[in-house]
Amino acid sequence: MRLRWTQGGNMWLGVLLTLQLCSSLEGQENSFTINSIHMEMLPGQEVHNGENLTLQCIVDVSTTSSVKPQHQVLFYKDDVLFHNVSSTKNTESYFISEARVYNSGRYKCTVILNNKEKTTAEYKVVVEGVSNPRVTLDKKEVIEGGVVKVTCSVPEEKPPVHFIIEKFELNVRDVKQRREKTANNQNSVTLEFTVEEQDRVILFSCQANVIFGTRVEISDSVRSDLVTVRESFSNPKFHISPKGVIIEGDQLLIKCTIQVTHQAQSFPEIIIQKDKEIVAHSRNGSEAVYSVMATVEHNSNYTCKVEASRISKVSSIMVNITELFSRPKLKSSATRLDQGESLRLWCSIPGAPPEANFTIQKGGMMMLQDQNLTKVASERDSGTYTCVAGIGKVVKRSNEVQIAVCEMLSKPSIFHDSGSEVIKGQTIEVSCQSINGTSPISYQLLKGSDLLASQNVSSNEPAVFKDNPTKDVEYQCIADNCHSHAGMPSKVLRVKVIAPVEEVKLSILLSEEVESGQAIVLQCSVKEGSGPITYKFYKEKENKPFHQVTLNDTQAIWHKPKASKDQEGQYYCLASNRATPSKNFLQSNILAVRVYLAPWKKGLIAVVVIAVIIAVLLLGARFYFLKKSKAKQMPVEMCRPAAPLLNSNNEKTLSDPNTEANRHYGYNEDVGNHAMKPLNENKEPLTLDVEYTEVEVTSPEPHRGLGTKGTETVYSEIRKADPDLVENRYSRTEGSLDGT
């Protein structure tokens, strides 16, 4: 019975409200109170599935009225209202017929009287167990490989329900198949079960698990009706021919047969397997046949499988073949031989009958129809050898023997990819190669006496090694292969390594300050470099070297025996060798050289300079006084010839060039120098007044005492110019040589 409002619930609610209104009007005159309220479950709070359950709500009400008041009773399950009633009775009941799991829950009831309300505590009700499920089948007879649909349901319960369906063989307790499924929206499931080839009479069981909140109630397991299974084809059977002992060489016949019922829609596939190998099969009949000449290789377990869609039936048999003769054995004197050694092979059968035929083969090709083979080995004899022995139709192949004939290596050649010279640090490839000889070939490269690297080559191609030599080095390689001879050494490869020029430096051997006349020695050196090295010496601001030399040395010297001021300046040098890139000379530092004079030379030069200065001064002074003297005499001679002043020896008396008697204020040396110039030298017209002044000069005689005096009269010409012009005068002076 569903716990919810009926469709007439609204009507009942109206009636209850009306009754409550009336009660309230009456209550204005009477007093009411709810003393207590509680619930009772009959037969109890725990009931079994399918039992009836009664819910009672018991109310104790007190009133001043002589008539019992009408009150409202409401029933709740898990806080959801499912039933209400108006009553004047103290007890109201709600009946549940055949309680199920979903009726489990927490119940309570509420009483409403006028505006007063009281609710009971919650009462937990548990319905234990699940009603038994129902199992139905879509058929009770089925053919092998068919499908049976099984439906399991619990109509009385509400979902979700978890169903477990199991398949059993009749009278067998073990479960053949088990399947589970949960129905979330219904209380039944339908599952399909395939009928297998071993099934004869089968049945199914069903169990329902009802999930309610956190609780799960499990039903009893209910079995279905029996299902009869019919065969679509029989189990396969083997037929072996010949019967009894089968000897190698006999024709072996293996046949697998089945019987197909009329209910089968088509023939199944029949497969014969030797171990896992399929040797015969058939799809259009009731048998499959495998026929072959018997050998011991056919000793095996044979399986016959019959398969049709979902059905597979299997049968097995062991077939034994008696050996006619043993497998031949091939042996050799050695498996690795040097070229030219003797190769011997022999084939044998333990207890072989005389009629056995032998053939020795190499790589599947016949070499000799005999039991033994002897020959001188060559490299082309390398390969895989077998022996074939036959008696009648039975042919057997021996084990394989791998023969390797090794040709001796030729002397290996050694070479590298660069020229005769290698620049330091450059990677070179050194190759070793033996033209003749059996591969694989093992090469070892020696650098000096040390092993540099090893390499295995699977052909006669050269082995290539890489190295970065930093100095002159010798390489040698050793080649070896399978031959018993020791490793074959090559000739020695000598590689000359050229070190590029590094760190060019220019220095002076004595001092950067050189005394004039002493030697200058410049040294251009390199830290490292292979000769010959070209050195070029430069003076700064000069495009061409003043000295160039090529040496097999890491230094070069330029020597100047006697230095002069011309050698003073800044110097640098360039150096290069064959390892230097084209036009890429390395430049040194710049060196400043100063040339100074020797002290004695400085003194000599000073003396010479002083002497020259003195000489120049003397010459200048003499020239000056001579010029001055001429300037004094020249105007007098132009006026009249003056009588020479004679001393006591009748010699002319000359004025002392150092005297200052004739130099007086107004004297113009230029006038004296130019006294010979004509008057019309000046282009402008001049008005001149000429006066003559008598000058008496007294000069002492150099060879007489100061008391002796001489007098000379000199006439000077005085020209007067216009006032605008400069006035030149020649004053008349009288004096004596003694200055008085």
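Note: Cβ is positioned from N, Cα and C throughout, glycine not excepted.
Since this is a predicted model, take the numbers as computed values, not measurements.
Each of CYS406, CYS477 is a candidate, yet Swiss-Prot gives the disulfide link of CYS432 to CYS477. According to Swiss-Prot, CYS304 forms a disulfide bond with CYS256, chosen from CYS256, CYS347. Of the listed cysteines (CYS22, CYS57), only CYS57 is recorded by Swiss-Prot as the disulfide partner of CYS109. Checking Swiss-Prot for motif 'ITIM motif 1' across the ranges 150-155, 222-227, 546-551, 690-695 points to 690-695.
When the Cα of ASN84 (N-linked glycosylation site) is compared against those of the glycosylation sites ASN52, ASN357, ASN552, the shortest separation belongs to ASN52.
Taking each of the glycosylation sites ASN84, ASN301, ASN320, ASN456, ASN552 in turn and counting other Cβ atoms within 10 Å of its Cβ gives the largest count for ASN84. When the glycosylation sites ASN52, ASN284, ASN357, ASN372, ASN436 are compared by the number of other CB atoms within 10 angstroms of each CB, ASN284 has the fewest. Classification of ASN84 (N-linked glycosylation site) by DSSP places it within a strand.
When the glycosylation sites ASN372, ASN436, ASN456 are compared by Cα distance to ASN52 (N-linked glycosylation site), the shortest distance belongs to ASN456. Here the CA atom of ASN436 (N-linked glycosylation site) lies 15 Å from the CA atom of ASN456 (N-linked glycosylation site).
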